C-alpha cells in the first residue's frame, strides 16, 4: 500500500517531529485555529522546540520511533494500565462494550469532521470525484444498454416477445442482488476492495456478453454484469461521502449524480452512432456473427474499465479503517489527503496537525484460522460464512428500534420513486413506438387482383397487402420484403432466390411448382396455404439483421433528450441541497413530478410525449439526488453501505415491477400507468416530509 511508504513523510519528519507527539488516548478537544490538535492537558509546543529531535536533548525527552505515527510508547501503556486496571474484555458484558463503542463513535464522528475540515476540499476530492463518477456512469450506461440492443438482438438471436421482456428484467434482477450483497460486504471488507470487485465483475461479463452467440448464455452474462454494477452504486456514495466535510457533502454528492446522466447520454450517443451501421462487424462461417450492436455492447464497458484502472491508485476510506481499528493506515491516508490539497493550493509548508484519532472499541469476533486447521476450502468456508453472517447481522441492525422507522419510510420512498420513474422511462419509448406503428399502418398500400407474369422482382417491397393476385413464371431475386402480406393469391412456377423478409406472410395462398433457393421464407410464414410440388433449397440459417429501422433513430433521440433534460435539475439540486435541505428537496421534487404525470393525458403525438418525458425526468432527478444524500447520512459508517444496498435493491425491485406493469398497458390505455405513477409519487413525496433532516449532522 502506497500509504505505508515512509518516504511520503520522511522529509517533514525532522522539522515537525514534536507535532506528532502521542497525546493521551481520550478525545478531549480540537482547536484547529492555531494549527495544533491537543488532547488532555498537554501544552502547545513552541516552534523553537521542534529542533529538539535533531539536536542533543535530554533522555527524558527521548522520542520513540512509532510515536511519529501516533503509536503510544510502551512505557505510556504500562503507566496507563497501572492507573486504570480495566476488567478483561472477555468477562465484560457485550452490551457494556457496545455502549462504550457507541460513545467512542460519537467522539470519532466529531473529531473526524474536524480532521476533514483541516484537510480541506481540493485536488484529492476532485480526483476521487472523477474516478467514482466513471463507476456511476457505468451504472447509468447499464440501464440503457439492453433497451438499445433489443431491436437488433431480437433479430440476431430469434427472440420471442417473452424472451425480450426477460432480457430487460434480468439486468435489474442482477442489480437488485448485487446492491444488497456487495453493499453489505463493503461494510466488512472495505469500500475500495468491494468497489474493485463490483467493477471487475461488471467489466468482465459485459465484455464477454458482446461475444456470446446463444441467447441463454447472453442472458446469464447480462445477469452477472448487472450484479456487479448494482453493487457499485451503494459503495460509490458511501465511499465519496467519507472524504467530504459537512458543508460540502450535499452539494458534491449531488454533482456526483451528474455522472449517471452522462452515462445515459454516452449510451444514447454510442447507440446512435454504432448500431445503425450493420456493416460494422464480421462473420466466421455461417454460425458466428459479430454485428454492430455487439460493438456497441463492447464500447459500453469502457467507463467501467476506466474506473477500475483509476481506482487502483486511490486509497481506502480512512473512516472505514478507523471503524475497524486500523488507526495508522487511516492517519497516513488523511495526511496524504491534507498534503495533496495543500500542495495544490500552493501551501506545501502547511503541517497536518493531527497526531491521534479516536478508534472505536472493537466488538466483532473475527475468527482467524490457523493454517494447520482443516483443509484450505474448509478455512475459506468458515471465513465466507462468518463474513456473510456479519453482513446479515448488519441487515437486521437496520431494522432495530433505533433505525426501523427511518428504514421503513426510506424504503417506501425509494420504492414509489423507482416504480413510477423506471416504469415511465420504459413506457415513453414504447408509447412512441406504438404511435409510430399506428401511423405506419395507416400508410399501407393495398393491391387487388393483380396479374403478373414473366416479370423479375429485384427491389424492396414494403408495407403492402396483395389480395387475390396471380403470379406466373415470375422471378423474385435478391430482394427484401418488409411488412408484406399476400392473401388468397396464386404463385405458379415462380422462382425465389436470396430473399430476406421481415413481418412477411402468405395467407390462404396456392403455391405450385415453385423453387425457393437461399431464402428465409420458412414454414411458419405460410399460413393455411396449399403447397403443391415445391422445392426448398439451402434455406437461410439463423436470424438476420435485415432493415435499418427508421424509428430506432427516434428511440435513441428520446433517451438522449431524456438524459440531457436532467441537467438543469441536477444543477439546481446541487446548488440548493444544503440550502433548503434534503427533505424539502425530495418532497417537492416528487410532487412536481406527479403533476407532470397528469399532463401526459394530453400527450397524443410523438413530440408531445417527448416533451413531457423531458419535463418528468428533469423534475424527478432532484428527488433521486436528495435520496442518495439522505440515505448516506442517516446511517453510521459500519452500516452505511449495507443500508444503501438494501434500499437500492428495493429500488431495483420497484423498477422490475414498474417495467412489467407499465409495458403491459401500451396500446390499451394510458389511464392506468399515469394514475399509478402519479399516485405513487404523491404518496412517496408526502411520506418523505416525515423523514429527519440531516444537513446539520456529522457522519456517524
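Quick reminder: no glycine exception, Cβ is built from N, Cα and C everywhere.
The compositional bias 'Basic and acidic residues' annotation in TrEMBL covers 39-48. Per TrEMBL, the feature domain 'Major facilitator superfamily (MFS) profile' maps to 128-695. Summarising the annotation, TrEMBL assigns region 'Disordered' to 1-86. Taken from TrEMBL, the feature transmembrane segment covers 126-149, 169-187, 194-211, 217-241, 253-275, 295-314, 408-428, 553-576, 583-603, 609-630, 642-665, 671-691.
Residues 167-168, 171, 175, 195, 198-199, 202, 206, 222, 225-226, 229-230, 232-233, 236, 239-240, 243, 252, 255-264, 266-268, 271, 275, 293, 296-297, 300-301, 303-304, 306-307, 310-311, 314, 426, 429, 555-556, 559, 563 of the same chain, all 6+ positions outside the transmembrane segment (126-149), place their C-beta atoms under 8 angstroms from a C-beta of that stretch. Sequence-distant contacts of the transmembrane segment (194-211), counting only residues of its own chain at least 6 positions beyond either end whose CB sits under 8 Å from a CB of the stretch, comprise 135, 138, 142, 178, 182, 185-186, 218, 221-222, 224-232, 235-236, 239, 290, 294-295, 297-298, 300-301, 304-305, 307-308, 311-312, 641. Long-range contacts of the transmembrane segment (253-275) within the same chain: residues 129, 132-134, 136-145, 148-149, 152, 236-237, 240-241, 244, 292-293, 295-296, 299-300, 303, 552-553, 556-557, 559-560, 562-564, 566-567, 570, 573-574, 577, 621, 624-626, 628-629, 632, each at least 6 residues beyond the stretch ends and with a Cβ under 8 Å from a Cβ of the stretch. Between the transmembrane segment (642-665) and the transmembrane segment (609-630), the number of CB pairs under 8 angstroms, six or more residues apart, is fewer than three, so the stretches are not in contact. Same-chain neighbours of the transmembrane segment (553-576): 140, 144, 147-148, 151, 251-252, 254-255, 257-258, 261, 264-265, 267-269, 271-272, 275-276, 425, 428-429, 432-433, 436, 585, 589, 606, 610, 613-615, 617-622, 625-626, counting only residues six or more beyond its ends whose CB sits under 8 Å from a CB of the stretch. Spatially, the transmembrane segment (583-603) is adjacent to the transmembrane segment (671-691); three or more Cβ-Cβ distances between them are under 8 Å for residues at least 6 apart in sequence. Residues of the same chain lying 6 or more positions beyond the ends of the transmembrane segment (609-630) and with a Cβ under 8 Å from any Cβ of it are 237, 249-250, 253-254, 257, 261, 410, 413-414, 417, 421, 424-425, 428, 431-432, 435, 557-558, 561-570, 572-574, 577, 582-583, 585-586, 588-590, 592-593, 596-597, 599-600, 603, 681, 685, 688, 691, 694.
If one looks beyond the transmembrane segment (169-187) by at least 6 residues along the same chain, the residues whose Cβ comes under 8 Å of a Cβ in the stretch are 142-143, 145-146, 194-195, 197-198, 201, 219, 222-235, 238-239, 320, 387, 391-392, 394-395, 422, 637-646, 648-649, 651-653, 655-656, 659-660. Taken together, the residues of the domain 'Major facilitator superfamily (MFS) profile' (128-695) have an average pLDDT of 82.
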